[in-house]
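Report on one structure; see the data block that follows.
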Amino acid sequence: MFRNSLKMLLTGGKSSRKNRSSDGGSEEPPDRRQSSVDSRQSRSGQGGISTESDCAFEPDYAVPPLPVSEGDVEQELGPPPSVDEAANTLMTRLGFLLGEKVTEVQPSDQYSMEVQDENQTSAITQRISPCSTLTSSTASPPASSPCSTLPPVSTNAAAKDCSYGAVTSPTSTLESRDSGIIATLTNYSENMERTKYVGEGSKELGSGGNLKPWQSQKSSMDSCLYRVDENMAASTYSLNKIPERNLETVLSQSVQSIPLYLMPRPNSVAATSSAHLEDLAYLDEQRHTPLRTSLRMPRQSLSGARTQQDLRVRFAPYRPPDISLKPLLFEVPSITTESVFVGRDWVFHEIDAQLQSSNASVNQGVVIVGNIGFGKTAIISRLVALSCHGTRMRQIASDSPHASPKHVDANRELPLTQAPSAHSSITSGSCPGTPEMRRRQEEAMRRLASQVVAYHYCQADNAYTCLVPEFVHNVAALLCRSPQLTAYREQLLREPHLQSMLSLRSCVQDPMASFRRGVLEPLENLHKERKIPDEDFIILIDGLNEAEFHKPDYGDTIVSFLSKMIGNFPSWLKLIVTVRTSLQEITKLLPFHRIFLDRLEENEAIDQDLQAYILHRIHSSSEIQNNISLNGKMDNTTFGKLSSHLKTLSQGSYLYLKLTFDLIEKGYLVLKSSSYKVVPVSLSEVYLLQCNMKFPTQSSFDRVMPLLNVAVASLHPLTDEHIFQAINAGSIEGTLEWEDFQQRMENLSMFLIKRRDMTRMFVHPSFREWLIWREEGEKTKFLCDPRSGHTLLAFWFSRQEGKLNRQQTIELGHHILKAHIFKGLSKKVGVSSSILQGLWISYSTEGLSMALASLRNLYTPNIKVSRLLILGGANINYRTEVLNNAPILCVQSHLGYTEMVALLLEFGANVDASSESGLTPLGYAAAAGFLSIVVLLCKKRAKVDHLDKNGQCALVHAALRGHLEVVKFLIQCDWTMAGQQQGVFKKSHAIQQALIAAASMGYTEIVSYLLDLPEKDEEEVERAQINSFDSLWGETALTAAAGRGKLDVCRLLLEQGAAVAQPNRRGAVPLFSTVRQGHWQIVDLLLTHGADVNMADKQGRTPLMMAASEGHLGTVDFLLAQGASIALMDKEGLTALSWACLKGHLSVVRSLVDNGAATDHADKNGRTPLDLAAFYGDAEVVQFLVDHGAMIEHVDYSGMRPLDRAVGCRNTSVVVTLLKKGAKIGPATWAMATSKPDIMIILLSKLMEEGDMFYKKGKVKEAAQRYQYALKKFPREGFGEDLKTFRELKVSLLLNLSRCRRKMNDFGMAEEFATKALELKPKSYEAYYARARAKRSSRQFAAALEDLKEAIKLCPNNREIQRLLMRVEEECRQMQQQQQQQPPPPPQQPPQELPEEETEPEPQHEDIYSVQDIFEEEYLEQDVENVSIGLQTEARPSQGLPVIQSPPSSPAHRDSAYISSSPLGSHQVFDFRSNSSVGSPTRQGYQSTSPALSPTHQNSHYRPSPPHTSPAHQGASYRFSPPPVGGQSKEYPSPPPSPLRRGPQYRASPPAESMSVYRSQSGSPVRYQQETNVSQLPGRPKSPLSKMAQRPYQMPQLPVAVPQQGLRLQPAKAQIVRSNQPSSAVHSSTVIPTGAYGQVAHSMASKYQSSQGDMGVSQSRLVYQGSIGGIVGDGRPVQHVQASLSAGAICQHGGLTKEDLPQRPSSAYRGGMRYSQTPQIGRSQSASYYPVCHSKLDLERSSSQLGSPDVSHLIRRPISVNPNEIKPHPPTPRPLLHSQSVGLRFSPSSNSISSTSNLTPTFRPSSSIQQMEIPLKPAYDRSCDELSPVSPTQGGYPSEPTRSRTTPFMGIIDKTARTQQYPHLHQQNRTWAVSSVDTVLSPTSPGNLPQPESFSPPSSISNIAFYNKTNNAQNGHLLEDDYYSPHGMLANGSRGDLLERVSQASSYPDVKVARTLPVAQAYQDNLYRQLSRDSRQGQTSPIKPKRPFVESNV
């Protein structure tokens, strides 16, 4: 069949030829490929019978690859020989292909190259290329695949029918090919294992004959083929599992090739071939690109044995990813485990001296020059053995040739790694000279060895070691394994792109770039950064001459590569290289010092070393001594004579001496005569003697000669199996049996050393050379025939079952060419030998095109092999995998390989074929500047005007890269034909584009040339137009040059007349082009040529704006110096500063501000630079702007503030910065923070910090407000990854709230919060501790004890817990005793207890500190100054109000309103707080808490919010309309939705909910006891206010215990009320809203009767609260409460001193207007924001009202005093208060009284003041401090302390106040209401009438209306502004005015409201009068109330 098909082919018949669908450069689909391969296998495997189609010539592509064709065979080849003759010839020559024996072999038994490959690749099979591993886990081809270079897995006969493994994943990167290459390295242990059983199997097969043995043997041979692993013990790793680790870059298939100097570059093919590399290419094929898919991939199916092995590999233990670079495995047979190293210390000493010299011309390295066998390799190996890589010597040193491989102990330490000793393989011999000298020389050697970081051996018979890519890869792999360079290794692991850069694939494509960027530059940078030791490092390279044997046609050898790269080496990286004397010229370009080892006569040290070696050998062997002694004795004379004789013969060759002594030692030489005639005279004679002894007859040598021929011809070491198969490949009849083969190989074992990877290597390069080449006059006996070896190897490749991989195809071509078996046949047959060779290779493999386009053959092409592949049918237009799948011609044109280009063009390659980017070969050549290739292509009519996909022609590419000669040539080319065809693109267009291209790149010569072209009319060539823009980029020459900063070109163009103002196609003039890029020198040039520095572009932007936008500081400064206007705006109203802020360029911002740029400029959208900076997100710019006066609360036209923008853009650093600078958290802020957990954490943490700050200062109520508000704002869902953070934060907030509640005597809530914290964090000892303290405070000692025991379990070493545990145990005992002695203690006891508690572990701050661990650390760290989010710290440091403001701006306006109004706005808030907090510590609690509940609201946080806090504001804090308050009211219509602000809260938890919560709190024995038993209540812990008051007044403890009780009860009731808010009366009674107010008053009175002032304060606070209901919580009628309230108010008033008021500038409250407001507040507080009173009286009133900052101080202080009491009360008033307070905002922060609602809470008369965080820091502090009984003025106003307590708050005596209050109880309440306009408005709620206190925004419509008018003005926008601005609206001028107007107007609305609510009005009026009187009295009193509303109300 084959003969027939051959005939068909020769006659031109296409006998069913299978084209491999190669036309398009794509291989046939896998299925077709499969069939063709299968058919091939069947052809050779099944009896050798194959169909014609199988054997038909299969060109890779449809294009006939050979001249042979059907019609014109004769014409091209001349008269052909007869078909039979030609066929016979081919059959004879190729008969081996069809050997009959083959027919007997079952297909499964056939040896296939693929199987071999499998074996080769098995080790690598499971490995991935370094790069591919990084990107995907592509496995390299299965070991059985010819594509893989892994050693084949041993298989039995049945295993042969293997199919290829599945194709790797398509995701593999280009690097995937490397896996093959690198994979070729395998593990020693694996190979050992494999070869063991492979060998056994092969023996069995051997007896069977046929080819079976090949398979098994081959497999083991292959396994040895590429065998190298630094990890000897490691077995193969699964490629899939451990991709990177396994790629051993060891050159798997060592190429054994013939030395160059013996033949003219016989192994040139090696340059392009390296199995690994091919694998590399093969891996590329795996990339599933149709054109690149490997044809063999899908084929062989795995056989059993193979599968087992795979499994074994797959389950290898996992190892973490490692560097993907794997060093080559070097093994040097001449360095054995028995080698001896003697002397030569002088060499190391000289090397050391030279490398350390200061002479830069020689200190970069040393060249060691010597003849073959003179010890160069031993010197290098000695240094390696002593270096950090010494453990690798076990790989380098071979086992002794005489040791049986069976006995090799892979784990044995090689002597090379140890210090020289008698037993060491390389021992240092005695060296002449003094011991000191030897010591120094020894030190030099060890110093050098310690500096060695990498090494490389070049071995001619292992081609891979001679190739530059492998060299680079190996050196990098060893460098990263050097202990001195761990930083380099870490960098490679850290930067995978560096590993990719060093992958074998990258090294093949551009070894110089890989070495420079992957090795030298990283090392240099690490050295500069001092990350690697500051010392010299050495790279060793042995045998540079050997690498020359494999010099590629194109590309570098290792020595030429080093010559080019040495200039880039850092001074501390040295080289030590060796070279043979005969080839030392190749190193002449290396600037190294040279040391010669063969100048024996010149160097006495050499003689001494030889002498020492001879002495060592004689003394170490008795056999030698016996054989050289004449009479059995060795005397000095004999020794001297012998030594001299041997030294003379050796001429310095240690190899000669070693081999000679070996012969003597074994008895082959006996020197009994003194003539020594038997001693061989040269190394050649030594080898001859050895062979004569080994092969005494010619026939015995002939038996092994084929083995030697194959070994000599191979490019890399082969395994026994491979050699066996190659030998049998040449036999047509009767194959060699395995046993016979093994016997022959055993005879060669001393010459072919088995390496650790089971491959065979010649014992020494010199022996290999001796076998193939002899000098003249030498005997030619034992000469081998390399051609025969090439022939056998070619036959062997041809007999592979499947398709060869790329590398194997290249190798096959190499061997075919070297074999040249058709030599002389062409004349006989009439067919040229080259065509026959082409036929041969085409029959033998399918992947010719892929081999031609393989990576190595592209970058280091082998011209001859490439020609052979093309003759065989390779597709010359095949698309490669590089340069965008460019055809081969494109790649060769790009690389400048003229010969390859000519070859491709010769065979008709498409001259205009383009890559995927549209670039043709002409474009690539022009871009690279290869004029010769451009000329070649143009001669072939390449299209000059072809445009790539970027629209660029070849001329433009040449101009872009500055190739003037190419530009000139292309312009002179004929463009007419192309132009006519395309029509559109003309030569003039190309020239214009070339001008712009050259100008942009700064090529002045090309620009000048193009501008000087003759005019069009003069010649055909058209000159470029200097002011025109091109059709490609749309640039003019000047805009292009200016934009790229090409100053010289700009000068040239301007000199040539370019127009300065000529715009490009987009309308940009040169000035803008250059400013945008920051080239100020060109700006200067253009300005000097008349450009306008302030010209504007289409958008109105000036050059200064452009430069600022781009961040070019130098250009900005230059433009400013040139007079650029800093104030100009573009069409959007943006200035240069705006642009700089928008882009975040701090340096430019600083420069512009320093030059006077306005930081407050607003653009057309109202955005200031701060807004834009917050949008961009640069915290430093934001900080700078704020520090330089930018308005932090500025609102743009869309209602956004900088903080809101930062939150919206998720710029966390800016958010933190703005919060630190005092930005307020408004509703918009919360809204924008939705779904942004990171921002929410920041905002909540900010609230928590504020709370912590207040807590530290003792302002418990304010702190609780913050915490409560934060809890209210907690996101309900979507925590995601931040769940843990949020949980911790919530736990912290709950615990802090618990502490605050406890300090406020709200023990039930305290306990509840602690319980909730425990639910969230069951193992929290802090939560147990907090709950225990709460329980202890409520006298639940047993329960407290249980919690403490749990806490101590969780934290046994906490002293606080231990201390409290002891106390509680003691208390339990006392209680038991008391119970035994007497009935339960009267209610008073609790108070006693309370004081105790307070005094005990709980000093005011103690709580925080006791459990401070977490909370303080996490939240207290921030500066206290930052506490107030809303207010500027400086304005009211002490006030929580500012903070409150931000809280009020909680996402929901209502919420904010709620917060501000009820919690902050009114005492209710505080009461509510206690209630709500009590009610539900959780959300419910908070929600229900609504304002009151959340301590945050109650706290100054909310006070600060007052501006926005005011009910309206809060309700609609951002809505700007009071109605929101109403809206909130809507939600809880019953009472003026006191929850008003809390509307949302209430929604979340309906009032009922809150009620229940409060109830539960009330339920707590304390609270409810309070309600039930007033008398007890006093004793019980009081509300925070009362508690605080208690502390100061405990001693005095007024008889008013009842009021205190009331207070306490009120908290409980208040809470209840809260929930019940609808019925204000109930609230009053429960909470004692009025009671609260009154209650507070009472409790305060009771507590502080001694110091009435304080009591007054508390009372006044109570009054606010109390106003809610007619009946006070304690049960007193509202009148009573009022009385107490008024008394409180009076007290407060009185408490205020002029000094106090002044202390707080009115501006603190946003202006004096606030004070003026105050007076009005009396009547219409609720309705409007009142500016500060203008008149003194007003001021006083204000102060009494607490409206003024001073008042706020007072308020604050009272707050701190009464917070506990207030807490209880607020809950009650809360309902009304909410609604009412919504109406008014009195918080100091708020400018208007409308803040009253806030104020209410903030301002409770004095109590409210205490509760409210009014900026009065001093007052506040005092109040805190003065809590102690010592200061009578605990009332809360700074001056109060000085005043005697007898003076009531407003200067009215307590009694008077009470009296007035009682009569006006309702009025007073109302007055409270009046104070807060809301109160009046609240009338809608039942308790509102009496509840003036409830400042809830106008509950009544009238209130609302009024509120809308006044408050809206203020609350609406003003409120918002207030909310935003720390000083409040009043602070802002216009806003202040508005507030003033509002406040003034408010009186009328108040009246209106009063009318609406006559009763309320009456009360209000009365109250107002009283207040007026009080205020007058207050004025009389030392304190002049500056506070507007609170105190007046009181």
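The backbone N, Cα and C atoms fix where each Cβ goes, and this holds for glycine too.
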Of the residues ARG1580, ARG1774, give the one that Swiss-Prot describes as asymmetric dimethylarginine.
ARG1580
May I ask you to name which of ARG439, ARG1567, ARG1723 Swiss-Prot has annotated as asymmetric dimethylarginine?
ARG1567
According to Swiss-Prot, which residue among SER140, SER1564, SER1583 is annotated as phosphoserine?
SER1583
Annotation N-linked glycosylation site per Swiss-Prot: which of the candidates ASN359, ASN627, ASN1932 has it?
ASN1932
Close approaches to the repeat 'ANK 7' (1066-1095) from elsewhere in its chain (Cβ under 8 angstroms; 6 or more beyond its ends):
1034, 1036, 1038-1040, 1042-1045, 1047, 1050-1051, 1054, 1060, 1102-1104, 1106-1107, 1110-1112, 1114-1115, 1118-1119, 1122-1125, 1128
I'd like to know the mean pLDDT over the repeat 'ANK 6' (1033-1062).
93
Who are the long-range neighbours of the repeat 'ANK 8' (1099-1128) in its own chain, taking Cβ under 8 Å and residues 6 or more past its ends?
1071-1072, 1075-1080, 1083-1084, 1087, 1093, 1134-1137, 1139-1140, 1142-1143, 1145, 1147-1148, 1151-1152, 1155-1158
